[in-house]
Ligand code: HEM
Ligand code: HEM
């Protein structure tokens, strides 16, 4: 068999891994601005309610996508990186990827705890998750602190990740971007 790495045509992530990656991107890149805007002062009530509704209800879907991605990853592990990527760079990429997963899980859990301990509803998810945590202002406050710090790190790491993807896809054109493209 021709070695796709040696021929300069690195393999792609599996179709399901790519589809799940890009679905996550759409949901995360809408959930973050919704979160940032919904906490601003002076918003109209209907706009604020809509943003909160979207933000709170999409979070658990992102968590489910992460779990599915990790399962797909176990079944079809990522293809090897092209040899042109130096080992230290590959190690950094791997660390960033695992941190991204960890931050999404942290955000979904801390968000859920913050809302339930604050005594607020989670609409769509209440039949499944409602009543898991009773009202507890101190817990709500610390979950909110975790959520806030995790979101800052997530935004920074997404900037690093997208910067690296753009560098590979637009400047180096070494096939790394195509590993995750197209989405289907
Ligand atoms: C991966 C999923 C999530 C991401 C990326 C995310 C991101 C964010 C961001 C960027 C903010 C704005 C923070 C600020 O500027 O003050 C925020 C706030 C907030 N998020 Fe999330 N979030 C996620 C999941 C959730 C979930 C599942 C819930 C609840 C069910 C939730 C509830 C909240 C609440 C209530 C706030 C307002 C700030 C506070 O009261 O602590 N989030 N989130
Ligand atoms: C919302 C933000 C994003 C998150 C949370 C995210 C997360 C991830 C994760 C966790 C992986 C590793 C997959 C694995 O091996 O399990 C990955 C790979 C990848 N992502 Fe993203 N991603 C995001 C946005 C983007 C964007 C906007 C682009 C392109 C502009 C992109 C391009 C890629 C590429 C090319 C890979 C494959 C890299 C490689 O195999 O070395 N990602 N992403």
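Using N, Cα and C of the backbone, Cβ positions are placed for all residues, glycine too.
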Quick one: sort out which of 19-38, 119-138 is the transmembrane segment according to TrEMBL.
-> 19-38
When TrEMBL is consulted, the range among 58-75, 76-93 described as transmembrane segment turns out to be 58-75
